[in-house]
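Novice: One structure coming up, written as structure tokens, with questions to follow.
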Amino acid sequence: MLTVLAALSLLSLLTSATGRLAPDELCYAEPRRTGSPPNTQPERPPVIFEPPTIAIKAESKGCELILLDPPIDVSYRREDKVNASIAWFFDFGACRMPIAYREYYGCIGNAVPSPETCDAYSFTLIRTEGIVEFTIVNMSLLFQPGIYDSGNFIYSVLLDYHIFTGRVTLEVEKDTNYPCGMIHGLTAYGNINVDETMDNASPHPRAVGCFPEPIDNEAWANVTFTELGIPDPNSFLDDEGDYPNISDCHSWESYTYPNTLRQATGPQTLLVGAVGLRILAQAWKFVGDETYDTIRAEAKNLETHVPSSAAESSLENQSTQEESNSPEVAHLRSVNSDDSTHTGGASNGIQDCDSQLKTVYACLALIGLGTCAMIGLIVYICVLRSKLSSRNFSRAQNVKHRNYQRLEYVA
């Protein structure tokens, strides 16, 4: 049993999976207030309860809008209502910077906590710099990475009384030959040298990622700064000191309330639109005859080249060699699932990552060998004890027999 548990622990530590693109439903820039609104302040500060025990890999390139998912499988749990919280941090090595935090109340026990599966949820604490770059979607972290966002993201989940912590290592492609502004990110404050390339020699599609539909200039006029967690530039109470900075970085044992996080009172759908607004309002880098409309059209055309997960198996045998050599198809990262909710656990991560199959087989072989060794040891101990018992019994009989003869002789 100990061998099996040790092997399963090894499997959980070796689990890795490719990060997923955000579904098209999250790529919008208009203010939406659909769904349940938050109605209370968080009851607890965001903390990392214990060092991460799960390692996950994620990738991003171009203008992709991505979701970092904590791989927590809740399907085995009972439906009894529970409370939950999710905190996201960025790991600078010596300290962790908080990025976003939210609490959920009265959630269905075997469903991923979300505004739809919970009775209520708190205001979202997010890291903002006059714009909304990050937000939480259910339990996942939503943002459009820049080349300076490569690094380790840590999630800290409290589900009822159970703690889940893990590390998501995000690798952002260094190629900046895309129309969006990729020269940004969390590590830019640390003056970390990132090799920026404009490799026009290797052609690839530039319209890769999320390109929200243009909106009217007055669409966000009725949205308050408080709803977005942004300091009011017209208020003397919100000065530059309230903006986040890299100095607000905490050690594992720190339980101080992060100054970098501001309270956003808007619903989840509004904050998702605010992330899309940042994407739409950025300084675009068009080449030649490119316009935003042509880029959006090209992006939609590229999406049609990527088969859906339902039709992927049936289309696999029908794909031609010409299609496989297409630079557009080759450069796109295929998406295995378009669901906005991720409930996969360690086993799902192993199944989705072909590069881990050898490791999985080796670990399963170790489990088998360990089990056989354990059974053999138990059998050996049983046989040894049987022999010892038989020998002791024989000695007792001999002693008894000698004593009997002695008494008979005396008599």
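Positions of Cβ are set from backbone N, Cα and C atoms, glycine also.
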Novice: Looking at Swiss-Prot, which of Asn200, Asn317 is flagged as N-linked glycosylation site?
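Specialist: Of Asn200, Asn317, Swiss-Prot lists Asn317 as: N-linked glycosylation site.
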Novice: Can you tell me the CA-to-CA distance separating Asn222 (N-linked glycosylation site) and Asn138 (N-linked glycosylation site), as a whole number of Å?
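Specialist: Between the alpha carbons of Asn222 (N-linked glycosylation site) and Asn138 (N-linked glycosylation site) there are 25 Å.
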Novice: Measure from the CA atom of Asn83 (N-linked glycosylation site) to the CA atom of Asn138 (N-linked glycosylation site) and give the result in Å, rounded to a whole number.
Specialist: 13
Novice: Hey, which of the glycosylation sites Asn83, Asn222 is the loneliest by Cβ count within 10 Å?
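Specialist: Each of the glycosylation sites Asn83, Asn222 was scored; lowest Cβ tally within 10 Å is Asn222.
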